[in-house]
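Visitor: Sharing a structure below in C-alpha cells format, with a few things to ask.
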Amino acid sequence: MPSSLFADLERNGSGGGGGGGGGGGGGGSGGGETLDDQRALQLALDQLSLLGLDSDEGASLYDSEPRKKSVNMTECVPVPSSEHVAEIVGRQGGSGRDGDRRGFSISPTPSLEPWLPGCKIKALRAKTNTYIKTPVRGEEPVFVVTGRKEDVAMARREIISAAEHFSMIRASRNKNTALNGAVPGPPNLPGQTTIQVRVPYRVVGLVVGPKGATIKRIQQQTHTYIVTPSRDKEPVFEVTGMPENVDRAREEIEAHIALRTGGIIELTDENDFHANGTDVGFDLHHGSGGSGPGSLWSKPTPSITPTPGRKPFSSYRNDSSSSLGSASTDSYFGGGTSGSAAATSRLADYSPPSPALSFAHNGNNNNNGNGYTYTAGEASVPSPDGGPELQPTFDPAPAPPPGTPLLWAQFERSPGGGSAAPVSSSCSSSASSSASSSSVVFPGGGASSTPSNANLGLLVHRRLHPGTSCPRLSPPLHMATGAGEHHLARRVRSDPGGGGLAYAAYANGLGTQLPGLPSSDTSGSSSSSSSSSSSSSSSSGLRRKGSRDCSVCFESEVIAALVPCGHNLFCMECANRICEKSEPECPVCHTAVTQAIRIFS
C-alpha cells in the first residue's frame, strides 16, 4: 500500500545517504542528492493523498459490489385456475421435492403451441435464474418466485403471459366445440324444458357408456343437454331441451336400457323407478295408445284399452331366460299349467274387441311362447327368438271388396243354409327348449251355430261389413262333392309351401287355411276338443323333444296337425290317410276331423 511503500523508500534513502556519507571522504556532494530524492517522494505522496487512495477506503470500495449481488427478493404471482397451473408447469414440471409436494399429475395440452421459449417451469427457472415454487393441490393457484429483483420481474411477466395465452386458447376451443354440434352447457332458450329420467342404479353406467360415448350420442341425436348423475346422488338424468327433443331423449335412454338388458327389469319396492314420481316411459301402453302385451317395441293400436296400474316388466320375468318375450307362469298371455280363469280374465283386458277371433296362450312352466294379437288393421307378432324387435308389426293384405270372387268360391254354401254366426276360436302355442312350434285348435261353436269363416281376410271383411254373412270356405266331408278325397287335403299335399294362398299373411307362415267346422258338431265335442288341447299341447311338446316321430307310423317326422282338434302328432302321409277314411277321427281324442294341415315351425 502507499503508506508502507513510502516507509520503505525512506528507509532505503536513509541507508543510501549513510552509505554515501560513509564514502564521502572522497567527495562532498552526497547530501544534496539525498534531499532531492526526499522531496520527490514527498510530492508523490501528496499527490496520492489528494486522490484518496488509502488502505481503508480501497478495501471498502472493492467489498461493496459482492454485497450488492447477494440481495434477493420473493414475490407471489397468482394465475386464474389450477388448469393454468398445470399448463404452465407442464408434464413432470416440478423437480425433486417441489414436484412431489404438488400431489397431482399434469397432462400436456397437445393443441397448445409454445407461447415462449421456456414456457414450462424448468425452462422458466433456468431462463430467469430464479426459484419458482409451484402451488400445492388444494391451495390457491399462486406461484412463489424468489431471486434478484429484475429476475423476479421477468419471471412474473413470463408466468402472466403464459396464463393469458392459455385462457385465450381454452376460450377458442370451447367456441369451436359449440359450433361443431356438441352441447357446451345447459341452454337458456325460451320454450325449453327440463325433465328427470330415473333409472336403476345398476344401469347408470350402461346409459353413460364407455367414456360417455352413449350419452353423448343421445345428446347429439336428440339435440338436448343431459346431466349425468354423480355416484353419490340419485340415479336421475336431467334432460334439457325442447319438449319433443326431451321426449325423444327419454325414449332413447329407455330403448337403450331395454335393448342392452333384454327388457328384464326386476321391479321391487326399493327399486321401483316406474312409480317413483318420475315418468321414465317404460309403460307398456305408452299413454292411451297401448298395443297390448308384448308391444314395448311395436306400434300402438288405439283399439285396445290400456290397463293402468300394472308393472309390465313383471310379465317378462323368467328364471331360465333373459330375453324379452319369455313367458313365465305370471304372464299376460295366459296362466300357468292349469290355464285358470284368472289368466283368462287377464287376457280379456287385451283381447281384440271382435267376437270372431280371439287368442289364448297355454303357458307351460318356463317354455317360450309366441302370442299373436290380431286386429282389424294390424297383427302384432313377438320375435320368434324372444329378443327385442323394434318393429315386429306388419300390414296384412287388405280385405277383398264386395263382389270379388273368393279363392274357394266353389265351396260356397247356398244362402238358405243358415246365417253365419261368430265362432270363438282359440290358438294355443306351446314350445320346448329345443324346438318351438305351434299347434292350432279350432273348436266349434254351439249346437245351433253355423261355423263362420276363419280366413283373416274374410274376418276383416266381416268386421268392415257386419251386415253381410260370410260363406263357408270348406264343407265337411259328408257334404263335399266326390267323397273319395277331400279337396283341401289334396291341396295341402300338392302345395306344401303355401305359395298359392290368397293372402300374404298366410304365405308368411303365420297360418294356413282355416276352415270352419261341420254343422253336426255339438257343444260337447267342441268343449272336449278345447279341453284336450292343453294336455295334447304338453304331450306333443314332450314328444317332439324326445323323438319327433309320428305317433302312427313311428318313422316320419311330425309335420302335420288335424283340424279341428289340433293334435300335431302325425306325419303328412298318416294325417292324410286319417282324413281319407269314411269316418275320419283323431286317434288321440277321437274327435271328428275335417282336414290335415301342414305345420311350419
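A Cβ is built for glycine as well, from the same backbone N, Cα and C atoms used for every other residue.
Here the structure is a predicted model, which means the values were calculated and not measured.
The compositional bias 'Low complexity' annotation in Swiss-Prot covers 320-331, 362-371, 420-442, 519-540. Annotated compositional bias 'Pro residues' per Swiss-Prot: 395-404, in sequence order. According to Swiss-Prot, the feature domain 'KH 1' maps to 98-159, an assignment based on sequence analysis. Feature annotation from Swiss-Prot assigns domain 'KH 2' to 192-253. Positions annotated as region 'Disordered' by Swiss-Prot: 1-39, 90-109, 284-332, 344-448, 514-546. Per Swiss-Prot, the feature zinc finger maps to 550-590; the stated evidence is sequence analysis.
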Visitor: Go ahead and report the DSSP secondary structure tallies for the zinc finger (550-590): helix first, then strand, then coil.
Guide: 8 helix, 7 strand, 26 coil
Visitor: For the domain 'KH 1' (98-159), what is the mean per-residue pLDDT, to the nearest integer?
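Guide: Reported value for the domain 'KH 1' (98-159) is a mean pLDDT of 71.
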Visitor: What does DSSP give as the helix, strand and coil breakdown of the domain 'KH 2' (192-253)?
Guide: 32 helix, 15 strand, 15 coil
